[in-house]
Amino acid sequence: MQRNQLRFVIAKRQSIVVGLFFVLLFLIIIKFFLVQVVQHNYFEKKSVNNSIKLIPIAPSRGLIVDRNNKVLAVNKLIYNIEIDPNKKHDFDNIKTHLRSIIPISDADVEQYHRITKENYYSSTVPIKSNLSQHQVASFLARQYLVDQVSLVPRLERFYPFNEYSSHVVGYINRINKDDMDKLRRMDRLQLYKGTDHIGKTGVELMYENSIHGFPGFKKIEVDAKGNVIRTIESQEPEHGQTIQLTIDIDLQKIAIEAFQDQSGALIAMNPNNGEILAYVSQPDFNPNLFINGIDHKNWNKLNNDKSKPLLDRVIHGVYPPGSTLKPFVAMAALENNLRKPPYKMFDPGYFTMPNGSKTFRDWKREGHGEVDLVKALAVSCDTFFYSLGLELGIIKINNTLSNFGFGKVTGVDLLNEKKGLLANEEWKKNKKNKRWFAGETVITAIGQGYTQVTPIQLASATTKIAVFNGDNQPHLKLGRFLPLSKNAEKKEMSTSTDLMHYIRKGMEDVTAPGGTAAFLANDRYKIAAKTGTAQVFGLKGGEYIEDDLPDHLKDHALLIAYAPANRPQLVIAVVVEHGGSGGTTAGPIAKKVFDYYLKNYNND
Amino acid sequence: MINSLKYLRSEIDQTVLASLGIIIIVGLVTLYSADHNQSNQFISQIVNIVLGLIGLFVLSQTNPRVIFSYIPFIFIISIMLLIWVKFFGLESNGAQRWIDIGIIKFQPSEIIKFTAPLMLAWFYQKNEHNINISSHGIALMILSVPFYLILTQPDLGTALMISFSAFAIIFTAGLPRKLLIGGSFTLLIASPFIWHALEKYQQARILSLIDPFQDALGSGYQTIQSLIALGSGGMIGKGWMNSSQTQLNFLPEATTDFIFAVFSEEFGFIGVLAIMMVYIIFFMRLSFMASRMQDTFSRLATLGLIVSIFSGVIVNLGMISGLLPIVGAPLPFFSYGGTSMVVSLVSIGIIMSLYSHKSLIAN
């Protein structure tokens, strides 16, 4: 190549090379424009996400106390060793290393796996809960041996009264998928950031929103290593409210212990204001077992137990009322101008239908002789009510029973209360596709038949006898109470005081000599009561009624009572399952509760 | 004698010096913000600049014939330094790149970026009457020595960058078009084999260009953090000393390879455009100077040095804007780093010398 020719080539190619680089630079400027101007918002967000973290501060759960400020649910500071299951970790390796420091039982491991499996929410899961001080110390000293675990202080729920508060206070458990769906529907999910637990039953569930509180947050700036550079802003959580209950836990303990090994329910209320003082469902369970998810062994034990310890019999248990229904049926008669004293009738010990089709027997074969309405209640005369029921008819009976609150929820501040059942023609047609027999009205009048009530309905209805027109909506939260549902709206009793007087007299005579619960009489105060025996099988009068209830629900002993009779302060409804006849088992339980509650009462 | 003195008291090009001054000062201002850990990089960078400027002034006043005569010598020295670094070099980030001789630490691979093009220009000058296929072959062999030494440090980025300037020279020196097309074709065929020859981390870096978020905490991390810095800076930037990406250490190598990401975050696209304009003026002026030169050596050497600096700019900006894989490449005159700064300034001094003496060496 000649020198001049070379010079020409160099000059030409020089510009090509430099030109190429300018083109590349131009492309880079375009790329900068895309990133910095077009995609600015996207990267701006990424930049903020990089360095700004929002840390929720969970509120601590409100306490639950009884009317005397005895703590029923409290938060205990515990230390857990926790793992973040969302981060890559070698669980077996962690377990082995941890075991060299502190004991990790198979139950701990099982709990960890169970929580991890059901964990939809929390960030870290305990592998070892509630470390002793000694264990905390030895973990801290040798923490370096185990990566990916951290010592986490937690406020853990604790129920100091264990079984005694189980059904009414309920329990909390870890938030599961259903809870999350529910929270999302209620638009409350945001409030549970940083919270692992939620109320599942009882008051813990009912007042979840108040007990939970509002979470706070801390907005922090972190560097690339996660070190906190500064706190940008923070807001303290608003801790959950303390819920004070109407319950007197000491009274409740007395009631529970009175049950001994028997199954059943008891509810004690102040008839003047509707405050529930004792709320007992037996058998019960230890709510502390549930807090971090109950283990399989305990769950199977509780769930498969034939006596159903997890069933809250007070609002979820439905029973045939037996003779405890008689005062209300008697009221139905009086309201319809029937059987008003001095009306009397002779009881031969049986009642035959006017058409002679059936005969219904009294519980006392020889009969009670001359009976008026007051005596009929005192001796629990069946015959009196058979004829009365037939004359009134099912519509009028149910109408009055409904006014007393049967067949609908009482509106007590707990969820999923059962309505019980007031059966009638229409119900039987729909349910069984059979017509209603007059004989069914007859037995309804003595509390047999299809009628089903919950213990709380019995107690609530009794308060309406004990105190006229009182504001006695049953409730558990101390203080002003607003009815929960339209069903629970207070309905003015149309009954006049005069008419109610006869019912009260009858119930007072139950504990008088000759009454069915005469043994309840004592010097200090007068108890007004009505006993009941709920037989589902082998009905008096022999009419066989097919029923949905399982066999083991028969022969329940029931009692409704209030005292002192002249100035009622406490209403009690008791059901003792398989308790045999009348007040013999239910009576003494109620008596113990009255005795304790009225211990300072002087009969003047 | 008088004549030559007159030539020696040569002028320094105002445009080049002014644009260079702006770039260096903006670089220092950015470094002050990026070096928030107060590790005195700012002071030490000023020392680098002063040293580099002294080199620039001295060389601009040096007779190009003197420079020309020393080129094989300094090329051999720089090759020996590369060999030295191979055996006794300091390791950093998994690559041996540094030589530490007590008072200073430097990177021979930065030096070779400038001595290699000078050497090739020297070679073509020596053979300017007889440039043929075999002389291009010899030029390739000269290139292959430092290329191999740097590639095995391993430092693929620098190895490729010296190839750019070397190929630019070989191409400009008249590489026949057939060979050019044939070579490109061969490269295309060979690319799968080259891919397999790459280290795993190098492959990952190239793959992460396609989707950096694939491995956001691994190979894609640097690209992502750099893009976040650029993007969050937006049109007008977050303001000086106000870059969260940098101040909170999300951005890696904030004072060296990624310093322009800091600048972009703090001064936005407007700032980027302004600096780009200065770089463009700078390179256009240098290219103009190259085009006015008369002899083969001056033209090829100047072009080689321009390409060397320009490819540094392209590779660095391409890397921080996510167009090119992450390789260790400082932004010339901007990044913190003594070797790069001093050698870049010295090579500008050489171009100045060649330009101001163009008529002297024309014949």
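For all residues, glycine too, the Cβ spot is worked out from N, Cα and C.
Listed in TrEMBL:
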- B:12-34: transmembrane segment (TRANSMEM)
- B:40-59: transmembrane segment (TRANSMEM)
- B:66-85: transmembrane segment (TRANSMEM)
- B:131-150: transmembrane segment (TRANSMEM)
- B:156-174: transmembrane segment (TRANSMEM)
- B:179-198: transmembrane segment (TRANSMEM)
- B:267-288: transmembrane segment (TRANSMEM)
- B:300-327: transmembrane segment (TRANSMEM)
- B:333-355: transmembrane segment (TRANSMEM)
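Outside the transmembrane segment (B:40-59), and at least 6 residues removed from its termini, the chain residues within Cβ reach (under 8 Å) are 12, 24, 27-28, 31-32, 67, 255, 336-338, 341-346, 348-350, 352-353. With a threshold of 8 Å between CB atoms, the same-chain residues lying at least 6 positions outside the transmembrane segment (B:156-174) that come near it are 109-110, 112-113, 116-117, 120-121, 124, 131, 136, 139-140, 143, 146-147, 150, 180, 198, 202, 296, 299-300, 303-305, 307-308, 311-312, 315, 327-329. Sequence-distant contacts of the transmembrane segment (B:12-34) (same chain, six or more residues past either end, CB-CB distance under 8 Å): 41-42, 45-46, 49, 57, 60, 240-241, 243, 246, 254-255, 259-260, 262-263, 266, 275, 278-279, 281-282, 285-286, 289, 331, 333-336, 345, 348, 351-352, 355-356.
With a cut-off of 8 Å between Cβ atoms, the residues of this chain six or more beyond the transmembrane segment (B:300-327) that come close are 113-114, 116-118, 120-122, 124-125, 155-158, 160-162, 164-166, 168-169, 172-173, 202, 205-206, 208-209, 212, 219, 222-223, 226-227, 230, 257-258, 260-261, 264, 279, 283, 286-287, 289-290, 293, 335, 340, 344, 347-348, 350-351, 354-355. Beyond its flanks by at least six residues, the transmembrane segment (B:333-355) meets 10, 12-13, 16, 20, 23-24, 26-27, 30-31, 34-35, 41, 44-45, 47-49, 51-53, 55-64, 67, 104-107, 110-111, 113-114, 118, 255-257, 259-260, 263, 286, 289-290, 292-293, 298, 301-302, 305-306, 308-309, 312, 316, 361 of its own chain at Cβ-Cβ distances under 8 Å.
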